[in-house]
Each structure stands twice: as C-alpha cells, then as structure tokens.
Amino acid sequence: MHRPAVPALSATDPEIARLVEAEARRQFEKIRLIASENYVSQAVLEATGTVLTNKYSEGYPGRRYYEGQQVVDPVEALAVDRAKSLFGVDHANVQPYSGSPANLAVYLAFLEPGDTVMGMALPSGGHLTHGWSVSATGKWFRSVQYGVRKETGRVDLDEARDLALRERPKVIFCGGTAIPRTIDFPAFAAIAEEVGAVLVADIAHIAGLIAGGAHPSPVGHAQVITTTTHKTLRGPRGAMILSDADHAKAVDKAVFPGLQGGPHNHTTAAIAVALGEAAAPSFRTYAHDVVANARALAAALAQRGFDLVSGGTDNHLILVDLTGKAIAGKPAAKALDRAGIEANYNTVPFDPRKPFDPSGLRLGTAAITTRGLGPDQMPQLAAWIDAAVQAAGDEPLLDRIAAEVAELMAGYPMPGWA
Ligand SMILES: Cc1ncc(COP(=O)(O)O)c(C=O)c1O
C-alpha cells in the first residue's frame, strides 16, 4: 500500500488514487535500472506533499515580490546553505524547475542568441540541452559538438580541444546523460581557460556520487555547475545551479526573472531534506555502493558476452551495445520490462540505427542500491537480463522471470510502500 496513505485522495478522486497505488506497487515489484531514477526517502516524499505548494514567492529570500514569506524564506535559505556546504561552492540557486530549465538559464546568463556553445553530442552521451540540434539550445545558439573515440568509447579530449580552439565557444558543457566513465574536469577546465570560455559541468547524473565522494568534484574547475536533484542525489524532481562568486549574480538573474516565475516551494523543502540526507555519513556508503553494484553488474554482463561501451563503468551507469546481438535496444527494453526489469533503450556512439530504434540499453544502479541490493546479487540480475533479452517474444518465460524478480524485491523495503 502507498505510504503515506491517501484517504482524502481516494475519496475525492478514486481513479487517480488507484493509479498512484498501482505505480507504488509497480515500483516495489520491479528491478528499476533506469539510470536517471531513484527512490526518494519517506521524509523527502512527505516534504513534497506539504502546504508549501500553496505559496507564491517570486524573487529570492529577503527580496520577494509577494508578502507572507516568513516561512518560505528560511526554507529556501536552508536549501541554499546545505547545497553550498555539501558541494563546497560559493553560491547555490535551488529554484530551477528541472534540469533542462537549469541549463537554459545558463544560456541566458552567459550567451546571446547565435553565440557559440560547445557540448557533447547526444549520440555520444551528451544531453539535449548541451546544444543538440532538435533542442532550443541547438536552434537558437550556434552549437558545436564533440564526441567519444571509436576505439575506447571515452570522451575525445583532443577533439574537444581542437574544436574549442577552432570555434571559440563562449560556453563549454561537460558531463552528460549516458557517460559511463569519470569526467575529467581538470582537462575540460584547461580547454575552457585556453579559449576564455565559461566551463559548465552538468553533473545531473553523478551529483550523488560527487556528494558521497565516489566521483571527483568539478568544484574549482568549472565556474558553473548544473544538476538535477532527483537522480543519484536522491531528492525530489528539481534542479540547482551552483557557481563561484563571480558568476552568482548572472545565474540568479537568469533563473528569475529571466526564465521562471515563482519557485516550487514544496520542492525546495524536499531538496533541503535530500541535501541534509546526502550530508550524512550513510550517504557516502550509499554512493560507493552504487558504484560497486554498477561495476559488479557490468562485469557479470560482460562475462555473458554483452558488449559494454568503454568496456565497463566508473560510476552508476552501464551502456550496453547490442550491435553484435540479434536484437535492437527497443525490443530488448520491452522484453526486460515484461520480465520486471526496467531499463531504457539508448543510442550508442556511432550507432548504425535511428535514435527511436537504437542499438543500446542504458542501465543504472542508483535505485536498486537504495533498495539494498548488493554486488553478490548482480550475477543473478545479469542472468535475468540475458535470459529476458534472448526470450523477447516468449511471454510465458518473461512472465516467469517477472515473478522471480518480484519475489526477490519483496524482501527489500521501499520508501513510499508499506
Ligand atoms: C545530464 C543531464 N542534464 C539535464 C537533464 C535534464 O533534466 P530534466 O529531465 O529534469 O529536465 C538530464 C536528464 O536526464 C540529464 O541527464
């Protein structure tokens, strides 16, 4: 049953209440390997459901355009202070509605329409908002894109440097959405310095690993850092922009009034709670466990003959290249879902297939680590993944795997479910 219970919702809108209940059960029973997802704590869940959602607070603590901020101001100030202390930065803006608006605010802060931005290409692991052609960031700005080396599947820093020297971008993005290896922030900082660009590290995927000491920090290398709060950081859906003191004013002006109106105060409170949780010693253990699980799962998949982009992982994320298999990413992801294992199909670098029907599967271990699974269980997960991918179309077999998966997950508590 969903926890907290939702009696008023059930009475007012039983249709939505039933769907909420169904989603909670689905999350409880499945092995959730979508790399951008997690389970928030009961405390974070409760904070998102508070009366703070009723309040408008355009502006910043102490500088609002509406009255009645006696409570919201300290809520936002707490979130800001916790973000600054957790990541060791001069400035934090906790208002962006999500990761994409956070990145858009960076464009507004540091670029004029038509200016040059450099980011990692989407098929290589970059995010849409790093200047990919279909995104507003690729349409309204002049975007140049670097990729990965074919032989290693790792970021091609020589290409990135050559491109930067040739194109002179004003902003350089590093980080991305499907990068299984450590991001070399000092190397990007050297490139940015050489061409006088603002370096923006988008740490959306790895923020929790950085907070927990399981990935190097971009602080001191990137002047501006954007992140979502809902992936490895294990907070509510939201985002933050962190920066040094020199870039703070431009960031704040871009978020409000540049791009957004009133901040979502219930989300701000939940971000503060998540940041408090991430500062606890147990979160360091969690972050390292996420990586240990990813490494163990990668090794078990490789042993079963799966090709992994870059040969493995340094973080929470594994990119499986199915090019050499008899199945593409989309039918594989659908078979896995039927077998109780949630993943997403994904392009792989130099993918011969189209983005909507690509050759890869992206897996991540943030959510299963929150549930309490450990490295010893990763060979079993790899065995189920292997069996499900081979059994695509064999519904009875996929159902049998789903039942085994649900039986395993029944032994691991989930916040939000009782
Ligand atoms: C690296 C990166 N940046 C930005 C975003 C955008 O975040 P949102 O989906 O919250 O807009 C994502 C989302 O997956 C991401 O992976």
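Our numbering is plain: 1 for the first residue shown, then up by one each step along the chain.
The backbone N, Cα and C atoms fix where each Cβ goes, and this holds for glycine too.
All TrEMBL annotations are machine predictions without curation.
In TrEMBL this protein carries:
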BINDING   Leu122, Gly126, His127, Leu128  (6S)-5,6,7,8-tetrahydrofolate binding site
DOMAIN    9-385  domain 'Serine hydroxymethyltransferase-like'
MOD_RES   Lys231  N6-(pyridoxal phosphate)lysine
SITE      His230  site 'Plays an important role in substrate specificity'
Margin query: Using the CB centroid of Leu122, Gly126, His127, Leu128 as the (6S)-5,6,7,8-tetrahydrofolate site centre, which other residues of the same chain sit with their CB within 8 A?
Written below: Gly119, Met120, Ala121, Gly125, Thr129, His130, Gly131, Trp132, Ser135, Gly176, Thr177
Next item on the list: Rounded to the nearest Å, what's the C-alpha distance separating His230 (site 'Plays an important role in substrate specificity') and Leu122 ((6S)-5,6,7,8-tetrahydrofolate binding site)? Just drop the number here, would you?
Entry: 21
Notebook entry, point to check: Counting across all protein chains shown, how many other Cβ atoms sit within 10 Å of the Cβ of Leu128 ((6S)-5,6,7,8-tetrahydrofolate binding site)?
Noted result: 18
Check: Cα distance, Leu128 ((6S)-5,6,7,8-tetrahydrofolate binding site) to the residue listed as 'N6-(pyridoxal phosphate)lysine', nearest Å?
Finding: 17
Margin query: Long-range neighbours only, meaning 6 or more apart in sequence with Cβ under 8 Å: which ones does Gly126 ((6S)-5,6,7,8-tetrahydrofolate binding site) have?
Written below: Gly119, Met120, Trp132, Gln145, Phe173, Gly176, Thr177
Margin query: As a check: which entries in Leu122, Gly126, His127, Leu128, His230, Lys231, the recorded positions, place their Cβ less than 6 Å from an atom of ligand 1?
Written below: His127
Notebook entry, point to check: Within the chain of His127 ((6S)-5,6,7,8-tetrahydrofolate binding site), which residues six or more apart in sequence place their C-beta under 8 angstroms from its C-beta?
Noted result: Gly99, Asn103, Gly119, Met120, Phe173, Gly175, Gly176, Thr177, Asp202, Ala204
Next item on the list: Could you tally the C-beta atoms, other than its own, that fall within 10 angstroms of the C-beta of the residue listed as 'N6-(pyridoxal phosphate)lysine'?
Entry: 28
Note to self: With the cut-off set at 10 Å between Cβ atoms, which of these recorded positions ends up with the most neighbours? Options: Leu122, His230.
What the structure shows: His230
